[in-house]
C-alpha cells in the first residue's frame, strides 16, 4: 500500500502554484460524490414513464435521507460544471494547452460530462426533461442522409417515449465510469511531465514534495467548498433547477420557453443564433471543440502569457462572452436577445482566432 502512496506523497510539485490549481482535486471529489449518490438514487429509481416522476417524489418524501441524496446529486452537477469551467479558464490563462495530450484528454472529459449531465436531466421526466430531450435529440436529425434514422434509433420509436427513458437511464448509469476512466488517463498524462505553474517557467530547480504542503492546501479548498455546497443543498436545494420540471411531462402541452440546464445555456445560445439547423448543430459542437485549437495555434516561443496584456484583454473578453451567452440562452428568442446572441457568438469564436495573434 505504501508503494502506491509514496509516489503521490513525494511527487515533485512547483512551489509557486496557487489555489487555482486546486480545482483538479475538487473535481475528483465531485466525481466520486456524484457516482456514490447516483448509485443510491438508482436503487430507488424506476425507468418507466408512468412511474419515473412519482419515484422522484417517493425518493424525496419516503426514502431515508432521500431528499439529501437527491439534492447533493442534482446540485453536485452544477458545482461540477462551475469547477470544470474555472479549470478550463485557468488552463487557458496559464497556458496549459502546451501539454497537448493533457488538453485533448480534458476536452474528451468535458464531452463525456456534458453527455452524462444531459441524460441525467431527462430522468425525472418533468416537463422540461421531456421537451429538452425532444428538442436536443431532434438536432441529430440535421445530419445529412442518416439523421432521422439515427434519431429514431436513439428514441427507440418515432418520438421520445418509454424506450427513450430506459436507454437514457442505462447510459446515464454507464457514462460516469467511462468518465472516471478518462479522468485516470488525464491525471496520468499530467503527472508524466509534471504540472504547469503561474510563471510558465521550468520549475525543475524549485520543486517541493506534494505532502504535506499541497495536501493541506487541497484539503482546505475541499472544506471551504464543502461549506458553500452544504449551504446550497440545505438552504436553497432547488436554486439551480427549472420550475417547469416540477410538473409531470405532458407531450400535449409545450412550455412557453424550452431550455436545458444553466451549464449548457452558452452552447444553446450559440445554437439558436444560427438560423440554419445544421449550421446551428455544427456551431454547438464547435463551441467546445474550438478550445482544442489552442494546442495548434499558440506560439510555443512563449511558455506563459501571464505578463501579456493583450492576451489578458482577449481572455477576459472571452470570459465575458461566456457569461453573456449563458444569460442570453435563458432568454426568449425575441429582440434584442436574438441580435445580442448573434453578436456575442461572433465575438466568442473570433476570440479563438485573436488570442493566438497576441
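Keep in mind that glycine also has a Cβ here, set from the backbone N, Cα and C atoms.
The transmembrane segment feature in Swiss-Prot is assigned to 23-43, 67-88, 103-123, 168-188, 216-236, 278-298, 310-330, 337-357. Among the features that Swiss-Prot reports, heme b b562 binding site is placed at 73, 172, with the record citing similarity to another entry. Positions annotated as heme b b566 binding site by Swiss-Prot, on the basis of similarity to another entry: 87, 186. Annotation comment: Swiss-Prot describes 191 as ubiquinone binding site, evidence class similarity to another entry.
Recorded features from Swiss-Prot, shown on the structure.
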{"residue": "73", "record": "heme b b562 binding site", "Cβ within 10 Å": "20"}
{"residue": "87", "record": "heme b b566 binding site", "Cβ within 10 Å": "20"}
{"residue": "172", "record": "heme b b562 binding site", "Cβ within 10 Å": "22"}
{"residue": "186", "record": "heme b b566 binding site", "Cβ within 10 Å": "20"}
{"residue": "191", "record": "ubiquinone binding site", "Cβ within 10 Å": "15"}
Contact yes or no, the transmembrane segment (168-188) and the transmembrane segment (216-236), 3+ Cβ pairs under 8 Å, gap 6+: no
Integer Å distance between the CA atoms belonging to residue 191 (ubiquinone binding site) and residue 172 (heme b b562 binding site): 29
Selected stretch (most C-beta pairs under 8 A with the transmembrane segment (67-88)) from 23-43, 103-123, 216-236, 278-298, 310-330: 23-43
Most Cβ pairs under 8 Å with the transmembrane segment (216-236), selected from 23-43, 103-123, 310-330: 23-43
Spatial separation of residue 73 (heme b b562 binding site) from residue 186 (heme b b566 binding site) - C-alpha basis, Å: 24
Recorded stretch that, among 23-43, 103-123, 310-330, has the most CB pairs under 8 Å to the transmembrane segment (278-298): 103-123
Tertiary contacts of the transmembrane segment (23-43) (same chain, 6+ residues out, Cβ under 8 Å): 59, 69-70, 72-73, 76-77, 79-80, 83-84, 86-87, 90, 173, 176-177, 179-180, 183, 187, 190, 218, 221-222, 225
Beyond the flanks of the transmembrane segment (103-123) by at least 6 residues, Cβ under 8 Å: 45, 47, 52, 77, 80-81, 84, 88, 91, 96-97, 129-130, 132-133, 136, 164-165, 168-169, 171-172, 175-176, 178-179, 182-183, 185-186, 189, 260-261, 263-264, 288-289, 291-292, 294-295
Distance from residue 87 (heme b b566 binding site) back to residue 73 (heme b b562 binding site), taken between C-alpha atoms, in Å: 21
Cα-Cα distance linking residue 87 (heme b b566 binding site) and residue 191 (ubiquinone binding site), given in Å to the nearest integer: 17
